[in-house]
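These features come from TrEMBL:
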- Ser223: active site, acyl-ester intermediate (ACT_SITE)
- Glu360: active site, charge relay system (ACT_SITE)
- His488: active site, charge relay system (ACT_SITE)
- 31-556: domain 'Carboxylesterase type B' (DOMAIN)
- 1-22: signal peptide (SIGNAL)
Amino acid sequence: MSNLVELTRVAIVLWFLPRSLSRNVHHGDHLAVRTSLGVLRGVEQTYNGRRIRAFLGVPYAKKPTGSRRFSLPEMVGPWEGEMLVQEPSNTCYYTIDTMFPQFPGAEMWNPPNELSEDCLSLNIWVPEDHDGNVMVWIFGGGFVSGSPSLDLYDGRVLAVEQRSIIVNINYRLGSFGFLYFGGQSLAPGNMGLMDQQLAFKWVHHHIGSFGGDRRKVTLFGESAGGASVTSHLFAPGSADYFQRIIINSGAIINNWATKSKDVMLDMSLILAKRLNCTNQSIHRPLDDVQYILDCMRGLTAHAILREGDMVADALSLPLTFPFVPVDDDENFFKGSLIDKIKNRDFKKDLSVLLGTMKDEGTYWLPYYLSRFGFNFNHTLSSEDRHNQALISESQYRDSFEAFLPYFGGSQLVRHALMHAYERLSESEKKPERLRDGVARFVGDYFFTCSIIEFADFISDNVFDAVFMYYFTRRATSNPWPKWMGAMHGYEIEYFFGLPKRLPHLYNQEQLRIEQSFSKKIMDYWGEFSRGNPPASYWPKYNRITRKALVLSEELVTENSHHINVDVHGKQCRLIKEAEQAVRKDFYTDDLYKAQFQEETSKSGSNYNLPAIPLVVLLMILQSTL
């Protein structure tokens with residue numbers, strides 16, 4: 001009888017509960033999450049029979065449109081009722097890659113959804129079983145392209161496999177994110193990085209509503225995403241929002257990742273002039289920044305994007321992007337990045353996992369060096385002879401010539417680099433050796449050597465451990481020619497478990513290896529994100545031994561591991577010596593300005609490249625013999 005009375009009481013209580021709570025009990029309202037801003041309603045996804053709650057397109061900032069275009073982001077305000085967050089975040093404006101139409105190797109990086117300035121939002125995956133661990137992904141793309149909503153970045157597999165909450169953040173790109181008219185202006189530069197910082201702040205304040213622990217946050221990113229991750233070490237406003245970082249193929253010290261205030265100002269003025277947004281009645285364009293911004297804010301996003309592409313096309317140097325982070329500002333770095341590095345003024349209470357691909361340079365060759373024999377015809381088989389880039393000696397020389405402005409135009413440097421890099425290929429065929437030499441140089445100069453330099457710097461200064469990897473496996477899903485190897489960006493599919501979610505993309509005879517390898521990589525990342533060594537056999541990195549774990553298929557096929565020592569070290573030392581010989585730090589800004597001296601307000605200046613002591617270059621050449 002007493003049991004019957006108790007059941008009756010429970011029934012009466014349930015009857016009078018608020019309808020929202022009643023739905024939570026009876027109608028699957030586990031998909032509704034109440035935050036301090038309002039209620040978010042997500043969508044249910046599944047992987048391997050397990051359920052994941054996905055909250056897609058969650059706004060963290062107000063729309064950066066109208067008067068907010070080019071301005072610092074503002075935190076989103078509260079809303080009434082439920083907000084449906086069931087479609088992936090919009091993609092911020094950028095120019096879609098159309099060089100190889102319908103080719104999977106190019107199309108996989110193009111956004112699956114609408115381009116919009118209303119794009120400051122997050123995609124969040126919450127597995128049924130998790131321990132509060134949070135991993136925040138920052139996509140790459142040279143700060144000029146990319147989207148958190150690529151299918152490649154779908155977080156459900158990583159979430160389930162690592163019992164972690166996965167968050168993919170969005171940020172403004174190109175001129176929308178990095179226009180610069182001075183730190184006191186309404187376009188102060190680094191808006192895209194400030195977007196990221198505000199996204200971290202949103203996660204810090206609200207991830208608890210999803211069951212996440214804000215004291216267990218790991219940032220991870222690839223290429224410009226990796227550069228972004230490292231930039232937050234030097235941003236005082238970001239320091240409280242993460243405890244660990246994973247850096248893939250990018251650091252803020254990469255030569256493409258930042259520009260000086262003067263260069264960014266010139267780039268921004270060129271864009272304004274192309275858009276007819278400079279006041280011709282005044283002597284100096286910067287005397288009326290408000291006029292410029294009012295004009296640019298009145299134009300369509302497409303018009304700004306189109307003219308921004310024209311500015312980019314005028315940059316004759318390969319792998320340079322016009323609108324990137326400015327290295328000295330008042331809002332993000334709150335000072336000079338260079339000074340902070342020199343003074344070791346950055347967040348040190350964290351652990352670091354970082355690394356590079358074996359073939360970082362190959363992806364860029366069809367895009368930037370096609371005129372020198374690195375052609376790719378996507379209508380032919382990737383293994384067709386015409387797609388093998390079997391270049392001649394003159395094309396080899398011309399390829400290195402294209403990069404000489406980075407080295408003061410020195411023919412002695414060109415000769416030293418050509419001689420050193422031709423010898424690196426394992427092929428006995430001359431055209432293949434030449435091809436591989438160019439690819440290796442591009443990878444070393446623009447990615448690998450800077451990662452090693454950053455690893456040396458960070459391991460000397462952070463309080464916790466640093467771990468390095470060297471990624472050598474080429475995915476069987478990779479549609480590019482096999483000679484291009486383990487390419488830039490092609491480790492990401494293993495981070496996010498693509499072989500498990502989309503097995504049909506892979507060679508079925510090697511599917512078990514692909515899936516096991518992906519699981520191994522996810523386990524490394526997950527273990528590290530919890531504050532542990534990625535594996536017991538993974539050595540800590542330091543600048544003396546420079547040990548890196550090789551991420552190859554032998555990890556799963558032979559259950560063995562290999563440690564590489566001083567990855568690409570000899571070539572990186574050669575490049576460093578060449579840079580120092582031409583005093584790179586002195587002339588880099590002048591080099592950019594010289595390309596635009598007829599268009600900018602500094603057109604009367606004389607930009608002289610420094611001379612190079614002959615004896616120094618002879619020493620460099622001798623070091624390669």
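Quick reminder: no glycine exception, Cβ is built from N, Cα and C everywhere.
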Averaged across the domain 'Carboxylesterase type B' (31-556), what pLDDT does the model get? Just tell me the whole number, please.
96
Sort out for me which one of Ser223, Glu360 has the most neighbouring CB atoms within 10 A, since those are the active-site residues we care about.
Glu360
At the Cα level, what's the spacing in Å between Glu360 (active site, charge relay system) and His488 (active site, charge relay system), rounded?
5
Within 10 Å of the Cβ of His488 (active site, charge relay system), how many other Cβ atoms are there?
24
If you measure His488 (active site, charge relay system) to Ser223 (active site, acyl-ester intermediate) at Cα, how many Å is it?
8
State the three-class DSSP label for Ser223 (active site, acyl-ester intermediate), counting H, G and I as helix, E and B as strand, and everything else as coil.
coil
Secondary structure at His488 (active site, charge relay system), reduced by DSSP to three states:
coil
